[in-house]
Amino acid sequence: MLDIKWIRENPEALDAALAKRGAEPLAQSLVALDEKRRSAVQKAQDLLSRRNLASKEIGAAMAQKNSELAEKLKAEVSELKTLLPAIEEEDRQLTAELNDALSRIPNIPFDDVPVGKDEHDNIVTRTVGEKPRWNHAPKEHFEIGEALGYMDFERAAKLSGSRFTVLTGPLARLERALGQFMIDLHTSEHGYIEVSSPLMVRDEAVYGTAQLPKFAEDLFRTTDGRWLIPTAEVTLTNLVREEILDQEKLPLRFTALTPSFRSEAGSAGRDTRGMLRQHQFWKCELVSITDAESAVAEHERMTACAEEVLKRLGLHFRTMTLCTGDMGFGSRKTYDLEVWLPGQNAFREISSCSVCGDFQGRRMNARYRGKDDKSNKFVHTLNGSGTAVGRCLIAVLENYLNEDGSVTIPDVLLPYMGGLTKIERAA
């Protein structure tokens, strides 16, 4: 959420930032709504002040035995008490209306973010590795998995409908190995604290990370009103909600390996075959809680941590700087890691690492106490996939495919595979 004081002082800057994102100007309507709210607040404060003063004057009038003045003041206090509830209700309604409007405004992009409309305007920041060179034809992951006999979409559909997958035998183990490798890397070498947290959260949590109120249709909700997490970003970031941290203890770095649940409401007709776009998938999430000064450097560090996963797996990938039109709602700057999929003859997103400024900190009322001036400031937050496990599985299948249809296990995963070095067709 943006600071209304900043919007009041910088209306042109807000509208310019919204224009970069392809959104309509909002500063004028927000400032007008804020003026109405502030007027209602002032009215309520004036009435309260006059009521309190009149109450004191009653005592003085009584002490002076001026009963006529005392009665007049009592009548005034009574009238003020009658007026106050309506003014206070107006204040509450206008405050709620303003907060709702602010909660639907996207974050302000950094100045160095390329301006663009969609993914076609993203910039290649760096490319790592090379495409595999084979004598045999590449295949898509679902062709490989089904031919091996360990990837079953038909039974998954019988259980749950479309956009689900059943993995068995060595493919199930490979998925588990990938997730375990990621968690081990980030905790043992990258300094992240592993967290086991709930998969269902309250409204306040998804509001804090900015999925609510704007993106409710992308989420799954339980009958008792809780939300299935679309990413562990929600739980990891909200660990510090309503807290005041010491600046000396920052940054906090959390990681979790969890299922994620997404309705894919806007994805009809996209990636309908295979595992690329699922309602339920495993993901290793990275979250950092920092002060204002450290956030940009932390963003580069987090992205490097995610890249290291792909480097150690020997996968060809590129890092993209997203343009303003392709960035997430809460982001100030985002790097996407796109892994090469030979079967699709294309790069596909496997990780997204974003720096959010104090956008989420303000929504969560999460603050830190400055080590010098001791004032409380909103924390800055970052999140990234380190990485999406299912998409990593896809990349391994397509990049480590052998001519006979078997799949070689990447060396870094061998300690997790119980002696298995290759996945071959089921007997």
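Heads up, the Cβ atoms here are built off N, Cα and C, so glycines get one too.
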**Request:** For the L-serine site that Swiss-Prot lists with THR231, ALA232, GLU233, GLU285, give the additional residue from the candidates SER160, SER162, SER375, SER385.
**Result:** SER385
**Fill in**
For ALA232 (L-serine binding site) and GLU264 (ATP binding site), the CA-to-CA distance in whole Å is 17
**Message:** Measuring Cα to Cα, how many Å separate GLU285 (L-serine binding site) from SER351 (ATP binding site)?
**Reply:** 9
**Message:** Quick check for the class: what is the C-alpha distance, in angstrom and rounded, between GLU349 (ATP binding site) and THR231 (L-serine binding site)?
**Reply:** 15
**Prompt:** In the same chain, outside THR231, ALA232, GLU233, GLU285, SER385, whose C-beta lies within 8 angstroms of the Cβ mean position for the L-serine site?
**Reply:** VAL234, LEU236, ALA256, THR258, SER260, LYS283, CYS284, LEU286, VAL287, ASN383, GLY384
**Item:** Neighbouring binding-site residues, C-alpha within 10 angstroms of ARG262 (ATP binding site) - of THR231, GLU233, SER385
**Value:** THR231
**Asked** Could you tell me the C-alpha distance between GLU233 (L-serine binding site) and ILE350 (ATP binding site) in angstrom, no decimals?
**Response** 16
